[in-house]
């Protein structure tokens, strides 16, 4: 079998609601996620030596067991007793530490690619079980698209509707620790997001209701730590974006626009204000 290439799209949160804290210390989340056409690419091929060889065009990334792609390959290799090696190339295009699920999407793409390369014939449930050992975002990233995600991330329900929109992404120069943000959550006072209403809006194709029901429970916490996030949001809205919202625990902010002309205005307004700006579309 020849080399296999899988794309690993970034994701954004149209809605993120914190529903409470679990006895195990994790938080129960309900999210609406959608993929965008900013993608990494994973290429896998057979290797005669019995080892995992991971390389990348991004020198910032570890290429050992600290990388989620490597973890995915190791878990599959051990579980199914694969006696040959594999070479994996990660073509990195999604910003690192951006809150867009880049690492999780890379791991998911590696699982899909290795499932083909090694002819494992894994069921969706088996892939999800492997993915959850790597990270809570991996199950969604295995299937991508537009979906509602609940629990710790392991329950993924596709949404019967399609959001076709231009998206402007801004990745500030700083990162944010997800663990720190979740540590500061007060479930009694945190802002809530009407996820079920958001899902209904997408299913009905009601763009205005979509905008009215979008939100992120973590946004206020992250903005308190990094006020620049609010400045980016303000800049986007002032230049004509339909909505501006932080994705995940940040720091990336995105704007939705119905037309490319509108998206171009938002992009132009950010020149000289932010270095990493991307104009993409929802998938």
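Note that Cβ sites are derived from N, Cα and C of the backbone, with glycine treated the same way.
What Swiss-Prot says about this one:
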- 11: active site (ACT_SITE)
- 137: active site (ACT_SITE)
- 95, 96, 97, 98, 99, 100, 101, 102, 103, 104, 105: ATP binding site (BINDING)
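In the three-state DSSP reading, residue 11 (active site) counts as strand. Cβ neighbours of residue 99 (ATP binding site) (same chain, under 8 Å, six or more residues apart in sequence): 176, 178, 246, 247, 248, 249, 250, 251, 252.
Proximity to residue 11 (active site), judged by a C-alpha distance within 10 Å, picks out 101 from the binding-site residues 95, 97, 101, 103. Taking the binding-site residues 95, 101, 103 in turn, the residue surrounded by the fewest other Cβ atoms inside 10 Å of its Cβ turns out to be 95. With respect to their backbone Cα atoms, residue 103 (ATP binding site) and residue 137 (active site) stand 9 Å from each other. Residues 95, 96, 97, 98, 99, 100, 101, 102, 103, 104, 105 make up the record's ATP site, and a Cβ search at 8 Å around their centroid adds 10, 94 from the same chain.
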